[in-house]
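According to TrEMBL, the protein has these features:
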| type | residues | note |
| --- | --- | --- |
| DOMAIN | 369-477 | domain 'FAD-binding FR-type' |
| TRANSMEM | 49-68 | transmembrane segment |
| TRANSMEM | 109-129 | transmembrane segment |
| TRANSMEM | 164-184 | transmembrane segment |
| TRANSMEM | 204-226 | transmembrane segment |
| TRANSMEM | 247-269 | transmembrane segment |
| TRANSMEM | 299-319 | transmembrane segment |
| TRANSMEM | 589-606 | transmembrane segment |
| TRANSMEM | 626-645 | transmembrane segment |
Amino acid sequence: MAPTNTMTPHPDVEFADLKTPADDLQDKRGGLSVNRAFGPSPWAEQFSLLGNLAQVVILASIFVYAYGQLFYFSDAFTNTVSANIGVWFGVPVGGGKGAGGHSEMVRPMFFFLFCFLPMAVSIVLLEFLRHFNVRRISSRYVLNLARFLRLKPRVMGRVVSKSLGELLFLVFLVGGNIYVFQYFYRARVERMKTRTPDLDFSMYLQMIALTFGFVCVYNMAFLFLPATRNCVWMEFLNISYASGIKYHRWVGVITVVTAFLHCLGYYWAWIKAGTWVKEALPCFNCAVGKEGKDPWMNFFGLIALLSFLAIGFTSMPWVRRKMYNTFYSVHHLFILGTVFAVLHWNPILAWIFPSVMLYVICRALSSSNGFTPVAVREFTTISHDVVKVVLARSTSRAGDFKVGQFVYLNVPAISKLQWHAFTISSSPRASPDTPTILLKSLGDWTEELVQYSEDCNKNNVLPTIYMDGYYGGSLEMYDEYSTDVVAKLQQGASIRQKVFFIFTFRELSLLEEIHPLLMQIKELDPQELYFSLHFSLTRAPTNDQLDQAIDHGRLAGKPHASATRYDTSVSSKVPRPFAEPLRSRTGKLVMYSVVFSLTFLVWTVVKYGNKVQTNDSNLWPLQNFVEITLVIVVAMTGVYAFTFAESKRGKESAAAFGHLMTPGGIQPYASDAHTFRDLVTDYRVAVGQRPNMPELMCKVYSGHKQFAATHPGVGVPGNSTVGVFFSGPRALKHAMENAISDIGINNFDVHEEEFEL
């Protein structure tokens, strides 16, 4: 495809008048100003020191939380800290349980100081940090450290699949388990020898089993954090939710294994002693608060273990991929497992309270998105079983989506319970009020979605869709470096960045979809001085497919249908533009503060106030059940109250979104390409092969060095290495990693997006 202007433009002149699509939308709609409402505040640059201080405090909070879990299993805690805390509650120095005062307050107070407070402080400071462009105020030493932790070293000729940061996390995870096990086991043996000098095999078995139980509790303190959507610490460290799920699996494996060994040791000892039935099965004709207490505790623990084992089995990769619906459904047993774990041993709640609270709050925010369907702008099967979904986003509330994030979609016509994750395909700069999702038919659910799209088109109705988002780390780091490409182009200044776009795909319809954008790039930079494009079509198309005409009308914004009503067979609710609940800085901060404080207060009153078993020791199971249930119910109720109040204040009419149309209506569009064959030729697409990553990465690195030589200003902080932003299947990722390792990993700064949850 030849550009419309055959003369080579002068970049500084041609780009000087370039306006970002967001600015055009701002001019047309007047009141949009999404980035202004949600981006860095004008005063932030003058108080960058406060931003750096907030970062230091959050990092310290993460350290205190992690260190606190280990410090609990130390002589310093046992001999010093616990005694000092005990004095606050009237426990005599050197005393223990039964020595007077309230020794039961020592453990919860410790975890309040070392776990609850650090998390609460982090939540407050993270909302404060949203006023800053964090990357620009961060020390270059911190940025270099972050880049170093993302490196993947080569060992014995092979690139390690884990980054240095992930290896460090694994060392902490495994090392922490080993430390907790050895400390608790040694302390337990010494204590038991003071009571019974001659320990037999069964006693050692039970001590090992008890030790594994405490190791399991230690792991549970971290289990919920990486699985929390928009977890405060993951968001601060810019760890994507998909990566968090990977770390959640690591912690989950160790948690399930230690829970199983905890149970196995006791069962082995009981079977050996011939008391298995008495110890493991509940006693229905015994007093639950006396001789029946231990059997019931053990039975509750067994139910919790069975729940975790079921989750662990269905989480195996081959089960998760082949039977995702089973995996998803069984995973809800975590609620049952957590409740029965607390019924088994109540103090577990002190360990997991902060992480469970954060998880419940985020899930409540997430589930509130399922109350109202989202307005749909376009729902079309473009070709090759690829469905394009364009949704409407509210512009009246603060917040927007970012490049690299994903959303969950629910289509009640297919299943009212299934939510599936899909990466957002559009940029908020080009379409801030209309996120676009491209879905490929690969499984049962997506196959039914293709059929549903055809049915909607046939019946001339709009689909009923629910959306939940936005999740995952942002891949917009390129916009936070010291050189802002768009700003330089607007101001006519010299450009210090070059972009290599490597795109591999199987469906020609995807190339058709980005064709209008590629046309604009080619017209602005026909010599590819600043934008170098490389395409690979891995599946060779047939002649009929190549000769298929390009749908210029759809690309220009012409709707395929004129539907004016939604599919009411599954829901009668009026769809509205999607508005992420409590996205404003103040609203979310107030919600977190109120819900955290209220839930903690209610739990404290129920636990240490008038316990239900005060006058009847047989009611201890009810007491434990009420405590864990209230933590969940009060937190969810508080979140729903805030989201309900916000929705009442910010209700919008959906009338303007009742028509099926593409963002912005009909767009100016002209192309010399008429068939897919023209596209393949114009963009020099390599057909029937995967990209040659070693060759391409060498070309990228050579181009980087040449560009740096001709543009001396390129060596500014944040631009001295080749920034690589990757999203793709595992095989392609390994090819890229090997190619980068051959050249030298220190020459690249790689940002990866996990391709699957």
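Cβ atoms are placed via backbone N, Cα and C, with glycine included.
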Counts by DSSP class (helix H/G/I, strand E/B, coil) across the domain 'FAD-binding FR-type' (369-477): 21 helix, 39 strand, 49 coil
Stretch contact, the transmembrane segment (109-129) with the transmembrane segment (247-269), Cβ-Cβ under 8 Å, 3+ pairs: no
Candidates 49-68, 164-184, 247-269, 589-606, 626-645; stretch with most C-beta pairs under 8 Å toward the transmembrane segment (204-226): 247-269
Folded-back contacts onto the transmembrane segment (164-184), same chain, C-beta under 8 angstroms, at least six residues removed: 66, 69-70, 73-74, 148-153, 210-212, 214-215, 218-219, 222, 247, 250-251, 254, 258
Mean per-residue pLDDT computed across the domain 'FAD-binding FR-type' (369-477): 86
